[in-house]
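> I'd like to ask you about the structure that follows.
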Amino acid sequence: MATTASGSSGYVCCRFFLQVITGRWFMMFASFLIMACAGATYLFGVYSKDIKSTLGYDQSTLNLMSTFKDLGANVGVLSGLLAEVTPTWFVLLVGALMNFTGYFMIWLAVTKRVATPKVWQMCAYICIGANSQNFANTGSLVTCVKNFPQSRGMMLGLMKGFVGLSGAIFTQIYYAIYGNDSKSLILLIGWFPAAISLVFVYNIRAMKISTHPNETKVLHEYLGIATVLALLIMALTIAQKKVPFSHTAYLFSGVAVCFIMFSPFLIAVREEFYTWRNREQLTAPIRLVDEAPTLPETEMKSEIEYESMETKEASASGCSSIFKPPKRGEDFSILQALFSIDMFLVFLGTFCGLGCSLTAVDNLGQIGESLGYPHQAVSTVVSLLSIWNYFGRVFAGFVSEIILLKYKIPRPLIMSLVFLLAAVGDLLIAFPWPGSVYLASLLLGFSFGAQQTLLFTIVSELFGLKYYATLFNCAQLSSPLGSFVLNVRIVGKLYDKEAWKQLAAKGMARSMVKELTCIGKQCYRLSFSILAATNTFGSIVILVLVLRTRKYYGGDIYKRFRDEIAENEKEMALKSAQEMQMVES
């Protein structure tokens, strides 16, 4: 009897352990860790100075490299298409390999461990490394949205929030491991995200959606933990610039950051236990009989035949259905979405908004330098931008969800207002006063983070989740295109033009200086005035989308998912009852 009881108890413990590591809540915890390591591209402003000085680049060349970084970070169509035909673990594995390869090669070049690469090779390395974050996005973010469709706004806000914090997280970890050596930061960016993805590669997978009474509460708890983490990093960032930290102090700071990062694991265990206990209580009264609630054979046959016929009709129609899309919120095909007016407006709006934001973020280091800020102050600005990036992402997720559900205000309207906020930040750089860059970094970081969350959420709401992995990656293609036009062709060119004027005024030639540097308020005045105007135009474009979708957002956009959850819960209850009957027998 004792042996039987012990064996039964061990069996139950094993089942619970498997439920934890394969459950929705542990999957969400693992996804947050992966996303917290997927924003290394935002640290370009920290180590770009090393690339510029070590390899002797001018600002236009550095901006070209930055554009390839943005191209890699935002062209995620490959990862989206790969996710349609391969399991999630394979997508994450490919991303980990690309991340390590790209950044490791940059580190070798900057530390002179290999012969100096050509410019196109450096552009290729950073493009490959940056592109890996799309595989993390597609593998973990898309999976979480599909597993929590009714909380997608809050979920996307948290997921993208962790990405926004990742720059500041990496800074604390590299201080703890390597000390104040920005070249080693490139190495950390190479191996650390790859290691995290490999550890959790099999835990991230799509599951049947189900309801959970504590779902909103848990998401708010995650928000609280992430906010504490953000405030801690902000405090550490400010303290480290004011007071000299020893390596031991940096080590304790890194441990504190990592402890808070991993604390959601306890929430995952708690919620899986609640789910386990609740399921046991629900299935206890169930008794399986021959008349189990299944469809009659004839009805099942006719339903299968109908689905088969429907599939044949869809494939036979081919291109003819491209311009006959379903209603908003239903599952669009890839071509139906790409050829829709709504997607065109999203694409054009984000070309302006995200293109301007990427340009501003990538130039913050040089902006601080041109205005006479010391190197420590520039590093502080970049780190604080990551913090405000986080607040923008979670604000766009949680607050927009509350406003949408309570007041039926279309989410694109919030995106339009965010573009105007970014325009104000651009003007603060175009017409600066002492300390204005700090305020500009706040506005630009907040608006950039909010745009990311809103873009991903709007695409999922308008075009459905069936091909979401590909569609959101297609939508964000506008970001690198906007960055190329605005960063390389406008900001970089105008900066170099001013730098050439200053060089000529001193009677010097380009060969006489290692770096082409511009100092003064005029360096970015015209270019950032253009960015402000572009952001305003993007806001107007998104207002057109608001007018087109106001009726859709005025309805119940989550009804179809509630119906699917009800069906899944019936199926899971029946399956659990079958398992309990097998154990008892």
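Glycine residues also receive a Cβ, built from the backbone N, Cα and C atoms like all the rest.
Reproduced below are the annotations present in TrEMBL:
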DOMAIN    24-268  domain 'Nodulin-like'
DOMAIN    337-553  domain 'NFD4 C-terminal'
TRANSMEM  25-47  transmembrane segment
TRANSMEM  89-110  transmembrane segment
TRANSMEM  156-178  transmembrane segment
TRANSMEM  184-202  transmembrane segment
TRANSMEM  222-239  transmembrane segment
TRANSMEM  251-269  transmembrane segment
TRANSMEM  337-361  transmembrane segment
TRANSMEM  373-391  transmembrane segment
TRANSMEM  412-431  transmembrane segment
TRANSMEM  437-459  transmembrane segment
TRANSMEM  526-547  transmembrane segment
> What same-chain residues lie close to the transmembrane segment (412-431): Cβ under 8 Å, and 6 or more beyond its ends?
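Same-chain contacts beyond the flanks: 349, 352-353, 356-357, 360, 367, 392, 396, 399-400, 403, 437, 439-444, 446-448, 450-451, 454-455, 458, 521, 524-529, 531-533, 535-536, 538-540, 542-543, 545-546, 549.
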> Taking only the residues in the domain 'NFD4 C-terminal' (337-553), give me the average pLDDT of this model.
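Average per-residue pLDDT within the domain 'NFD4 C-terminal' (337-553): 90.
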> Should anything in the same chain at least six residues away from the transmembrane segment (373-391) have a Cβ under 8 Å from its Cβ atoms, list it; otherwise answer none.
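Apart from its flanks, the transmembrane segment (373-391) reaches 39, 42-43, 45-46, 161-162, 164-168, 171, 226, 230, 233-234, 237-238, 241, 361, 364-365, 437-438, 441-446, 448-449.
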> When you look at the transmembrane segment (89-110) alongside the transmembrane segment (526-547), do they share 3+ Cβ pairs under 8 Å, ignoring any pair fewer than 6 residues apart in sequence?
no
> Quick check: do the transmembrane segment (89-110) and the transmembrane segment (184-202) share at least 3 Cβ pairs under 8 Å, counting only pairs 6+ apart in sequence?
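Contact between the transmembrane segment (184-202) and the transmembrane segment (89-110): present, because at least 3 Cβ pairs are under 8 Å.
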> As a test: from 25-47, 184-202, 337-361, 437-459, pick the stretch that has the greatest number of Cβ pairs under 8 Å with the transmembrane segment (156-178).
25-47
> Between the stretches 25-47, 222-239, 437-459, which wins on the count of C-beta pairs under 8 angstroms to the transmembrane segment (184-202)?
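Comparing 25-47, 222-239, 437-459: 25-47 has the most Cβ pairs near the transmembrane segment (184-202).
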